[in-house]
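A.B. asks: My questions all concern the structure below.
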Amino acid sequence: MTTTRRNKRNNKLYKNIKAIKLSIASNDTILNWSEGEVTKAETINYKSLKPEPGGLFDEAIFGPVKDYECACGKFKKIKYRGVRCDRCGVWVTESIVRRERMGHIALVSPVAHIWMSKELPSPSKISLVLNISYKEVEQVLYFVNYIVLDTGKIKDDKIMPFKFKEVLDLTGKGSLSTRQKMRRVIGYIFRNLIKSKSSEDYRKGKIFYESLKNSSLPFSLNDAFNYIKKYTGFRVGIGAEAILELLNKIDLNLEFSRLNDALRKAKKDSVEDAKVKKILRQLETISWFRNSKLHPKNMILHTVPVIPPDIRPIIQLDGAKFTTSDINNFYRRVIIRNDRLRRILEDGTVPSIVVNNEKRLLQESVDALFDNSSRHKPSLSKDKRSLKSLTDRLKGKQGLFRHNLLGKRVDYSGRSVIVVGPELKMYEVGIPALMILKLFKPFIIHGLINKFDENGNEIRPIAASIRQAEDMIKNQDDLIWGIVYDVIKDRPVLLNRAPTLHRLGIQAFEPRIVDGKAIRLHPLVTTAFNADFDGDQMAVHVPLSENAVNEARAVLLASKHILGLKDGRPIVTPTQDMVLGNYYLTTERKGQLGEGIIFSTVYEARAAYESQKVHLHAIVGISTKAFPNKKFACQGTLITTVGKIIFNDVLGNNVPYINDGEFDENACPEKFIVKQGEDVRQSILKHQIIPAFSKKVISKLIDLLYLLLEFKDLPKTLDNIKALGFKYSTFSSTTVSVFDIPKYTNKQNYFDSADQQVLKYKQFYNKGLLTDDERYKRVVKLWNNVKEKVSDEIQNLIKQEQYRDNSIVVMADSGARCNISNFTQLFGMRGLMSKSFNYERNNQSKIIKDTIEVPIKHSFFEGLTINEYFNSSYGARKGMTDTAMKTAKSGYMTRKLVDATHELIINHDDCGTRKGIVVEAIVETKTKSLIESLFDRIVNRYSITPIVDPETQKTIVEANSLITTQLAKQICATSIKEVLVRSVIYCERENGICQYCFGIDLSTGKLVELGTAVGVIAAQSIGEPGTQLTMRTFHTGGVSTENNLAQGFERLKQIFEVVTPKDFEKAVISEVKGTVKSITTVQNAQEVVIKSNVDERIYTIPFSAQIRVHVGDQVSPGSKITEGSVDIKQLLRIAGIQRVRQYMIVEIQKVYRIQGIDIADKYVEIIIRQLTNLLQVTDAGNSNLFVGQLVHSHYLNELNKSLLLAGKMPVIAINQVFGIDEAASKSNSFLSAASFQDTKKILTDAAVKNQVDYLLGLKENVIIGGKIPAGTGFLTDEELTFLGSKTVAEEY
């Protein structure tokens, strides 16, 4: 007989998932998921290789192995779909259901879920709910000790000393005490409760009484407990059954009230107190269970779900061998042990100790299945490898989240070495013909077999079949190329260079077919990719869908990425050959061929140069009317060179004539123009030579071009500058020769003098006048000074007139290659070399000796001695390892930053906030040097209140208005020292940020668009330059000065991870507002007294610390009294969250700007928003929250508004600061947090909470395979198509 049913599989794509809920599955739920019970441990039949019925791969449970074919072969083909075979019981359907259908194993004895019973380092959920320690729960579950389930009828503590839920230690140190208690109870029973002394029970009681006295005598504990139970009703239990009974008895409401009362009696203010912490943890877990309406008994399993077989496959290898997923081994063990326990229990004659042992083995086998790695002794394979359980499949870099869901291998991709493509346009890339034929193969085949043209007319196809088309492609038939060109014309490709540190690491290009096997890359985009042509490889990806193609063109095309993200400066600046060519082109020289000629048109000047009547560098005149589209301060004859006329000719309209490096953005200055009636030739003779355009000038010019030109014209102009550079660097005939190096001979005198000084230091040390540390510091300083003198002299030498046209000097001067340090090493001296040093170790010396004190005196030109070469190799290797370390650490930090901020997306125009941050110039207080100007901090942001000139009372910027470059300059020209601006920190959008709080998008120079993923951009902008930061930690002599603190990467890590600074680098800060009354020296320390309006505070400071205040100075809470790093958590306690945020912004900017890296404040603020937006409840008021709970500031504000409007008591909470690790883990999305770190803990907490993930961030949507709610995810398909076609129309 056959039966039919509707196929349970829903073929609809899960595109409209709005949210995902995670909760603890009850036993009923597991049975509901299941398609049948797995009763056998077998997998497949070794002869037929078919799944065994009732086994782990049973087709009746999990579905057919072959599409629409039952196991016995009675029903085949799609026409029987939905039919169940009456012989083998298999539903006839698609085999893909074997990836979806689940089974179950019905357990004979309940077991605890290991996630709920073992959660180190924090207590497990079971121990928190039952209020017994984690260790005791473990002892009960693994049949080591019994737990009291019922204290019975006797309520007198003297007779019945056992407490409810007390774990009876019968194996450890407390066993003697437990035995004594049991003796007391048994003694009472046989003396007082048994009337007949001759009865069997009296005799038994006496035996138990004696046995408990002498631990060497064997007796059955179970019998003893049954004896006590018979007369008193006292009951104990062991294993998961006992825990289940206790969980069934729990009253969550009663428990919640009890914990709240306990919290009120405890020290409520001190959340750090151990007792309070324990109560808060319990309260949190009980609250989660109460609010989720889940019963704690679900933490104990009666059935184990069996995951679909195709997720744990058996794979056939060569030579009739098989390999299987580790999970199958775990399931087999569970089934075998479960069956054995069933037989034992059915027998009924087996001693309880053996039964308990079998139950323990079953518990352990289920533990191993769920989480093998967290067990004391994980299950191992034959080769002693720890087997991968279900938890291991989820967590880590190779786990499901990071390996399969967030990062997948991509089809339609290729990779090859890159070479320069100077002939390409900015949006083009040269792809080898072989690669094109592979990547675009399906599209080319479609074109070859297509029977209709683009107008719908029937045509004769080039190939008759797909096979023929494939052969034509394989043989590279001449007929295919027309189709190939048509295909690539419609399809851009994405180029990616690893490591992708920021979004410019992936850009789109229009492909062009090139010969060879290397990808040809446009030279201007190399900076964005951080690529060079020394063997770098790049990957190519093909966007397949129409929307993907449109998105690639509309958003990712390389010609759209002119500005860098972190600072808004052009990232497509010409380099090397291009710089050199433009430098040569714009060079001026007196006495050149054709000097003094006056031209009336640009064409005339070009013709004269091409017919060799005038030299490129000759100073000539040209009428300003020759440039009708360029602005001049006045009309007349412009004094310039033919090279500059050619250079300006490619810059396009609306750009003023560029005649020197100090150009004006409005018009060419009057000083270069000879007015009518004045002697032009005389002016040419008097003309001062203007330096040629170096790399800095060209970079500044690109800034100007970005402001003046329309966006669509800019890439073309940049291409023109590139083409000029390559052309004229060829014409310049610049060569490099060892004989170009200038001769420098003066260094020996410095060396002789320094050698004598080193000898003196050694003598002083031998006499005990200097310590070894002092001698070392002086020697290193001496040789550094010598190198500086040599370097200065070389710098002066190469500036001499005789080296004006020297090829190497020209390269350095133009910025094309090399700098003064290279020259010093090339023909001066190499100087001191660094050596490896463990900065973390505690060494006896108080200074870091990471420099070899013997310098390399020879230059590369002279050649190094063997000793010098050997010494220099230390530094070279240290450089390589440091770079590798920095790259890894920086990459990890970027990942953490992205995880903490990815949910921040621009999703509104104006949140209407009235709060902002006060910004002022960041100045190094000790040296008074400027780190970040007020202009840099306010430009491209929105004001909150009107900004008024204090002198004239004139409003410069209206309230809620953009501070443009022009307005920022006006503000800085007044006496205004601080400005209140809008900030992402105080944006009132709950999920995301509004446009006005963020301000201008630095990559476009316009108001940030809706859908911009500013969180990820901020993380990339801060993480990407991380590799450029120094790794060195300076601490000299234990003295804490500004220079001796953790710097560079280590300091950044200290701030982002909110690490308490070490004692020697920690700054003492004032707790009060007041005046420094006195600074005195007391025994072994200094005392600073600060007088406030209320009292006086005395701060005792060791001599090793450097005091930065003086008597009479005004201080406020949080002001530094000594130099050093402030403990952020201490600052929060003393001065509040606002001060903490300001301090963190300033300190992060210091780290980057000292290294010469500019990052916009707004990116730093985004990170700080995520680190400081949680509060801890101190008084729950009339809300459902509990004391100690962490809540988001936006949620709290809304909750308090509703409470106050209802006339109820609001919630009181204090701000908290978390490091980026914790910030990422405390995300509202459990999918995002679980894919970051602590996967097991986050999923356990989410399941207990019955948590709903509303998929608001980027990662959650990538995980479920949906569109991210950012970028073009905000656009309709029609808008995207329009943007894509508009970009094609703008291509030049």
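Using N, Cα and C of the backbone, Cβ positions are placed for all residues, glycine too.
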A.B. asks: Check Swiss-Prot: it lists Cys987, Cys994, Cys997 as binding Zn(2+) 2. Then name which of Cys911, Cys972 it lists for that same site.
C.D. replies: Cys911
A.B. asks: Counting other Cβ atoms within 10 Å of each Cβ, which of the binding-site residues Cys72, Cys911, Cys997 scores lowest?
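C.D. replies: Selected from the binding-site residues Cys72, Cys911, Cys997 on minimum Cβ neighbours within 10 Å: Cys72.
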A.B. asks: Apart from Asp532, Asp534, Asp536, which residues in this chain have a Cβ no more than 8 Å from the mean position of the Cβ atoms of those residues at the Mg(2+) site?
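C.D. replies: Surrounding the site, in chain order, are Ile418, Ala531, Phe533, Gly535.
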A.B. asks: Could you work out which of the binding-site residues (Asp532, Asp534, Asp536) has its C-beta surrounded by the smallest number of other C-beta atoms within 10 A?
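C.D. replies: Sparsest of the binding-site residues Asp532, Asp534, Asp536 by Cβ contacts within 10 Å: Asp534.
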A.B. asks: At 10 angstroms around each C-beta, which of the binding-site residues Cys70, Cys88, Cys994 has the fewest other C-beta atoms nearby?
C.D. replies: Cys88
A.B. asks: Ranking the binding-site residues Cys85, Cys987 by other Cβ atoms within 10 Å, which is at the bottom?
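C.D. replies: Selected from the binding-site residues Cys85, Cys987 on minimum Cβ neighbours within 10 Å: Cys85.
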A.B. asks: Check the Cα-Cα distances from Cys72 (Zn(2+) 1 binding site) to the binding-site residues Asp532, Asp536, Cys911, Cys987, Cys994 and tell me which is shortest.
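C.D. replies: Among Asp532, Asp536, Cys911, Cys987, Cys994, Asp536.
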A.B. asks: For the recorded Zn(2+) 2 site, whose residues are Cys911, Cys987, Cys994, Cys997, find every other residue on that chain with a C-beta no more than 8 angstroms from the centre of their C-beta atoms, and list them by sequence position.
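C.D. replies: These residues sit around the Zn(2+) 2 site: His908, Asp910, Thr913, Arg982, Val984, Tyr986, Glu988, Arg989, Ile993, Gln995, Tyr996, Phe998.
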A.B. asks: Express the distance between the Cα positions of Cys70 (Zn(2+) 1 binding site) and Asp536 (Mg(2+) binding site) as a whole number of Å.
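C.D. replies: Pair distance, Cα basis, whole Å: 53 Å.
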A.B. asks: If you compare CA-to-CA distances from Asp534 (Mg(2+) binding site) to each of the binding-site residues Cys85, Cys88, Cys911, Cys987, Cys997, which comes out shortest?
C.D. replies: Cys997
A.B. asks: Distance between Asp532 (Mg(2+) binding site) and Cys85 (Zn(2+) 1 binding site) at the Cα atoms, whole Å?
C.D. replies: 64
A.B. asks: Take the mean position of the Cβ atoms of Cys70, Cys72, Cys85, Cys88, the recorded Zn(2+) 1 site. Which other residues of that chain put their Cβ within 8 Å of it?
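C.D. replies: Here the nearby residues are Glu59, Ala71, Gly73, Lys74, Phe75, Asp86, Arg87, Gly89, Val90.
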A.B. asks: Nearest of the binding-site residues to Cys911 (Zn(2+) 2 binding site) by CA-CA distance, picking from Cys85, Cys88, Asp536?
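C.D. replies: Ranked by Cα distance from Cys911 (Zn(2+) 2 binding site), first place goes to Asp536.
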A.B. asks: Can you figure out which of Asp536, Cys987, Cys994 (the binding-site residues) comes closest in space to Cys88 (Zn(2+) 1 binding site), comparing Cα atoms?
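C.D. replies: Comparing Cα positions, the candidate nearest Cys88 (Zn(2+) 1 binding site) turns out to be Asp536.
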